[in-house]
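Pulled from Swiss-Prot, these are the listed features:
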- 1-38: topological domain 'Extracellular' (TOPO_DOM)
- ASN18: N-linked glycosylation site (CARBOHYD)
- 39-58: transmembrane segment (TRANSMEM)
- 59-77: topological domain 'Cytoplasmic' (TOPO_DOM)
- 78-97: transmembrane segment (TRANSMEM)
- 98-115: topological domain 'Extracellular' (TOPO_DOM)
- ASN102: N-linked glycosylation site (CARBOHYD)
- CYS114-CYS196: disulfide bond (DISULFID)
- 116-137: transmembrane segment (TRANSMEM)
- 138-164: topological domain 'Cytoplasmic' (TOPO_DOM)
- 165-184: transmembrane segment (TRANSMEM)
- 185-212: topological domain 'Extracellular' (TOPO_DOM)
- 213-232: transmembrane segment (TRANSMEM)
- 233-281: topological domain 'Cytoplasmic' (TOPO_DOM)
- 282-300: transmembrane segment (TRANSMEM)
- 301-306: topological domain 'Extracellular' (TOPO_DOM)
- 307-326: transmembrane segment (TRANSMEM)
Amino acid sequence: MANSDSPEQNENHCSAINSSIPLTPGSLPTLTLSGKIRVTVTFFLFLLSTIFNTSFLLKLQNWTQRKEKRKKLSRMKLLLKHLTLANLLETLIVMPLDGMWNITVQWYAGELLCKVLSYLKLFSMYAPAFMMVVISLDRSLAITKPLAVKSNSKLGQFMIGLAWLLSSIFAGPQLYIFGMIHLADDSGQTEGFSQCVTHCSFPQWWHQAFYNFFTFSCLFIIPLLIMVICNAKIIFTLTRVLHQDPHKLQLNQSKNNIPRARLRTLKMTVAFATSFTVCWTPYYVLGIWYWFDPDMVNRVSDPVNHFFFLFAFLNPCFDPLIYGYFSL
């Protein structure tokens, strides 16, 4: 999540930024065995996701080159292209950043990169989530209002552009709230400890709570609700049509490519929603738990914490497998 520090932690660290506090070896975070395993798994998933998403983009590029030059990408393939780009962006920013930060424990890259990388991290998390919403909305409209979608060829491009724009805007506060803190002991004989955090950026604790809730809602709750509603509308519409005319069911079993394609994209959309839910739920459950109960860190084992957070990195690995299986 964007920031998950408790009010007590925020107040204590703010008072320590401009003063020296005693640092002991046991008071600072270190790279544990479970942390090393997390780093190893993170970079392994980074390689997998990079290979999978890049391969799909190359396959899509080869497909377009075989077509007539005047022919544009189909609506669905255009959506998949941007989802792949969003997943690749998340892979190239979030995974290496998480892996390297777990290795170094503290932040060595300075104030500017602290802000810029914090912005890019959240931007690259918003983009795939919003692209999933765009695909769900597009597929829902294609089934429930096919004539309106067919007559408005720019709708898909508009939703794609809006998804990228909102991702860049919603990640904007990261440039302000993140900054460096430096802790040093009284003697000045140690190099101290530096970290890229959000401490002292919120005037009141509830401002921080509101921002956390906003990012949580935009990254997970709202996209999940939209995907569930869109898939429910698709299933309801198809069920109603087939109930009114059972003979239309034969279209899905015929050699006609149009019904088969619609059924395939429906299955793909459901698979996307399932992957999104399975991969991100453990991550956000752990984040929300810590948000309301910071002491849970002392009750939940370190390996369990790392295991839950690694679930989120599976999503950009699964997505190219899903649309590679269903689309090409």
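Cβ coordinates come from backbone N, Cα and C, glycine included.
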Per-residue pLDDT averaged over the topological domain 'Extracellular' (185-212) comes to what?
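The predicted confidence over the topological domain 'Extracellular' (185-212), as a mean pLDDT, is 76.
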In angstrom units, rounded to an integer, how far apart are the Cα atoms of ASN102 (N-linked glycosylation site) and CYS196 (disulfide bond)?
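Each residue's Cα considered, ASN102 (N-linked glycosylation site) and CYS196 (disulfide bond) end up 13 Å apart.
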Under 8 angstroms for C-beta pairs, at least 3 of them, ignoring pairs fewer than 6 apart in sequence. Is the transmembrane segment (307-326) in contact with the transmembrane segment (78-97) by that rule?
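Counting Cβ pairs under 8 Å (6 or more apart in sequence), the transmembrane segment (307-326) reaches the transmembrane segment (78-97), since there are 3 or more.
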By a Cβ-Cβ criterion of under 8 Å, what residues six or more beyond either terminus of the topological domain 'Extracellular' (98-115) are in contact with it?
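Sequence-remote neighbours of the topological domain 'Extracellular' (98-115) are 28-31, 35, 38-39, 42-43, 46, 174-176, 178-180, 193-196, 313.
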What residues in the same chain, six or more past the boundaries of the transmembrane segment (39-58), come closer than 8 Å to it by Cβ-Cβ distance?
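Sequence-remote neighbours of the transmembrane segment (39-58) are 31, 80-81, 84-85, 87-88, 91-92, 95-96, 98-99, 102-103, 310, 313-314, 316-317, 319-321, 323-324, 328.
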Kindly report the helix/strand/coil residue split of the topological domain 'Extracellular' (98-115) according to DSSP, in that order.
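In the topological domain 'Extracellular' (98-115), the DSSP-based counts are 13 helix, 0 strand, 5 coil.
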Residue list, the topological domain 'Extracellular' (301-306) vs rest of chain: Cβ under 8 Å, 6 or more residues beyond ends.
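Tertiary neighbours of the topological domain 'Extracellular' (301-306) are 32, 34-35, 37-38, 286.
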Taking the Cβ of CYS114 (disulfide bond) as the centre, count every other Cβ atom within 10 Å, in any protein chain shown.
21
Within the topological domain 'Extracellular' (301-306), how many residues are helix, strand or coil going by DSSP?
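Computed counts for the topological domain 'Extracellular' (301-306) are 5 helix, 0 strand, 1 coil.
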Which residues in the same chain, at least 6 apart in sequence, have a Cβ under 8 Å from the Cβ of CYS196 (disulfide bond)?
TRP107, ALA109, CYS114, LEU117, SER118, PHE178, GLY179, MET180
Over all shown protein chains, what is the count of other CB atoms within 10 A of the CB belonging to ASN102 (N-linked glycosylation site)?
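A count of 17.
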Is CYS196 (disulfide bond) helix, strand or coil when read with DSSP?
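Assignment for CYS196 (disulfide bond) reads strand.
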